[in-house]
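Scroll down for the structure; my scribbles are underneath it.
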Amino acid sequence: MGVSRWKIAGVVLTTVLSLLLPIRADEHDHKYTDKEEVVLWMNTVGPYHNRQETYKYFSLPFCVGKKKTISHYHETLGEALQGVELEFSGLDIKYKDEVLQTTYCEIDLDKAKRDAFVYAIKNHYWYQMYIDDLPIWGIVGEADENGEDHYLWTYKKLEIGYNGDRIVDVNLTSEGKVKLVPNTRIPMSYSVKWKKSDVKFEDRFDKYLDPSFFQHRIHWFSIFNSFMMVIFLVGLVSMILMRTLRKDYARYSKEEEMDDMDRDLGDEYGWKQVHGDVFRPSSHPLIFSSLIGSGCQIFSVSFIVIVLAMIEDLYTERGSMLSTAIFVYAATSPVNGYFGGSLYAKQGGRRWIKQMFIGAFLIPAMVCGTAFFINFIAIYYHASRAIPFGTMVAVCCICFFVILPLNLVGTILGRNLSGQPNFPCRVNAVPRPIPEKKWFMEPAVIVCLGGILPFGSIFIEMYFIFTSFWAYKIYYVYGFMMLVLVILCIVTVCVTIVCTYFLLNAEDYRWQWTSFLSAASTAVYVYMYSFYYYFFKTKMYGLFQTSFYFGYMAVFSTALGIMCGAVGYMGTSAFVRKIYTNVKID
């Protein structure tokens, strides 16, 4: 019992340190001397069409090479969460030392092992390996045209390119097709050929990128369309609102010159009439402020991670993108506390500690809850995506000992620095009754329609992002992603400002939740698009892959909705404060 406790503590400490310290994924400094050991890591195996349904390589009855001495492997938090299961192949490979075809083990193929290989071949199982962090893919076997006989590839022909003292290229050719017959022995062999290459070490991942898929022409066309939408919206907002507001200001100034009798006989309508209620606290201010704080943090994380991905090629190291996102999320917790805590204080909230806890754990609870549910299915399937207990404890430690204290600091700063309700208009003691209005001016209708244009500005990029995550593509065009993020924010703010102005003109002062939800409704359209993508753009199947897909797409869509809602609310809040500051109110 004591040993297991020390083992868990060691796993937790190693995982946390791997997140906080800049440790290389493995293979030390990627420099080799002649005859130095080169490790071939066997990672996972699984159906080609279900990228996330992966299992340990040796869950299939492959045999292991004879070599036992290996270099130490450091697992990072991102790798553990992404289901990386590196196991030593047992093959003896040395730098620049060629190996002719050599048998390294034999498989005693009984009926159970044959059935396992046949099942894998029928489901198009692929496996993944690594040499010096370079991924290699191979297929387990193939069936004949009739689908009756099944064959296993038994010969791994490795061709490794080197430039100086670094490995810059790895290619695998599968040969040696052997028919699967029960109660036979199948020899497994390999060979290694070294060749000099002119590829620079910094460019060695270029071969894994797919410029034909990420066609810059299509990207620029989509960006151009979205940019034209931005110009149109900004121009429309500027023209309509400035002209309308100018008329409103002129009308209200004229009203000030009227006597009381004329003012009583005149028509009083428009956004000025709700000046005594427009800054009234929103309903459920605790939840609302927590959502705004979480949305501001998600936006900060998205912006910083995209910038880091543009500067550093994070896709070249396993799990580095996820590890970076978790680290940045933890480091930006004060942003959540500052905006959520200050907004809650402005709205007169008193239970600020409860608000801080909800704001700090809103997103982690959503992500961890979904992961916990999917983890049960992964454990049932014995998949490599099952998150180890030590990793779960490490994530909990990050939440309680990093995110929560930083969120507390941000909350205290927000309450003290910008928590005073300095509204330009006094809030009436009694709420003004909301008059009846046309059906298309109802908040529910505005919310449903508000997300259409923001979704239209990003849906083309969504296809590339979905394909990168759910298929075998590496996303590397983060410059386009940054442009799409900026366009999304501008479109969202413009749409929510227009929606809020129409709502206030109808003398409905419930603009806080309406502005948030109308922007957040973008997530509903993204999730609806994910259904279309699943059924018409992929060949995924099975309970595990389906639950994994729709579970994490729900998390992604919800986080996107919270971010868009926060951006829309912040922009609309600045607009509302601006127009009511410029109006003289008795």
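Heads up, the Cβ atoms here are built off N, Cα and C, so glycines get one too.
TrEMBL does not curate its annotations; it predicts them automatically.
What TrEMBL says about this protein:
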type	residues	note
SIGNAL	1-25	signal peptide
TRANSMEM	220-242	transmembrane segment
TRANSMEM	286-311	transmembrane segment
TRANSMEM	323-345	transmembrane segment
TRANSMEM	357-381	transmembrane segment
TRANSMEM	387-409	transmembrane segment
TRANSMEM	444-466	transmembrane segment
TRANSMEM	478-504	transmembrane segment
TRANSMEM	516-536	transmembrane segment
TRANSMEM	548-570	transmembrane segment
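When Cβ-Cβ distances under 8 Å to the transmembrane segment (220-242) are tallied for each of 286-311, 444-466, 516-536, 548-570, the top count falls to 444-466. In terms of C-beta pairs under 8 Å, the stretch of 286-311, 478-504, 516-536, 548-570 lying closest in packing to the transmembrane segment (444-466) is 516-536. For the transmembrane segment (548-570), the partner stretch with the highest count of Cβ pairs under 8 angstroms, out of 286-311, 478-504, 516-536, is 516-536.
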